[in-house]
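To start, the structure under review is shown below, and the notes come after it.
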Amino acid sequence: MKEIADETFFRYCVLTLIFSGPPTAVALKFLQAPYGKHNRSGWGPTLSPPLAWFLMESPTLWLTLLLFPFGRHSHNPKALLLFSPYLLHYFHRTIIYPLRLLRSSSSAKTGFPVSIAAMAFTFNLLNAYIQARYVSHYKNDYEDVVWFWLRFVIGTVVFVTGMWINITSDRTLVRLKKENRGGYVIPRGGLFEFVSCPNYFGEVVEWLGWAVMTWSWAGVGFFLYTCSNLVPRARASHVWYGDKFKDEYPKTRKAVIPFVF
C-alpha cells in the first residue's frame, strides 16, 4: 500500500513538472524574473547573488543524497553512473558557479530577490525528487544492456557538449562584467557570434542529453520545462541587447538557437 501511494505521488509530481512548462513560458513572455540584466526594484528583499544561487540550487544535492539510498536501484552501478551527469551539473551550479560570482566584484552591486530564489528553490525540490526517485527506484530497464548503453553514450555526448557550452559562456559573461565593473558590453567570440545567450542554449542541450540518457517522462519533463524557462528569457535578453547597443549589436545573431531562433 505504501509503495502504491509513493508511485502515485511520483506520477503526480511528473505531471506537475510537465504541465507547469506552458504557463511558465506564457508568463515569461510578458514578465522576466528580475535578476541579472533584467534586475529591477519592487520585488521585496534581496540576497547577494552568490548566496542566492547556492541556496536555491542546493536541493539538487542534499535532497538527492537523502533520497537515492532508499531506491531499489541505489546500489546498481548503472543507476549511479546514470545519475552522475546530473550531479556534476548541479555541483557546478551550486558550488562552483556561486564561488565564481563571489570572486567577481560586480556580484555585490545588484541583489537577487528572495521571492525569485524561493520559487527556484521550490522548483528544485520538485525536480530533484523526480529525477533522483526515477533513476534510483522507478527506472526498470537497467537490464536491457544494449539500449541502456546506447542511450547513455549518445545522451552523455549531448549532455557534455551542452555543459561545456554553458560553462564557457557563463565564464565569459562573468569575466566581462568583472572587467567592466558590473557594466555590460557586447559579448564576442565562440557561440556569442551566433546567439545572444549561448549559456541558455548550452543548458537546453544538456537536458536534452539527460532526456535521452534517462529515456523517461521525468527527463522529457525537465527538458521541456528548461525550454519553457530559458527560451523566453533568452528572447528577452536578445531584445535587451538590441535596445541597449542599437546599431552596434550584430543583426545576424539569433536569441538562443544558432541560425534558427
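Just so you know, glycine gets a Cβ as well, placed from its N, Cα and C.
It should be emphasised that the depicted structure is a prediction, and the values quoted were computed from it without experimental measurement.
Annotated features in TrEMBL:
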type	residues	note
DOMAIN	112-261	domain '3-oxo-5-alpha-steroid 4-dehydrogenase C-terminal'
TRANSMEM	12-31	transmembrane segment
TRANSMEM	51-68	transmembrane segment
TRANSMEM	80-99	transmembrane segment
TRANSMEM	111-130	transmembrane segment
TRANSMEM	146-167	transmembrane segment
TRANSMEM	207-225	transmembrane segment
Interface present between the transmembrane segment (207-225) and the transmembrane segment (80-99) (three or more C-beta pairs under 8 A): yes
Region pair the transmembrane segment (146-167) / the transmembrane segment (207-225), three or more CB pairs under 8 Å: yes
DSSP-assigned states of the domain '3-oxo-5-alpha-steroid 4-dehydrogenase C-terminal' (112-261) in counts, ordered helix, strand, coil: 113 helix, 4 strand, 33 coil
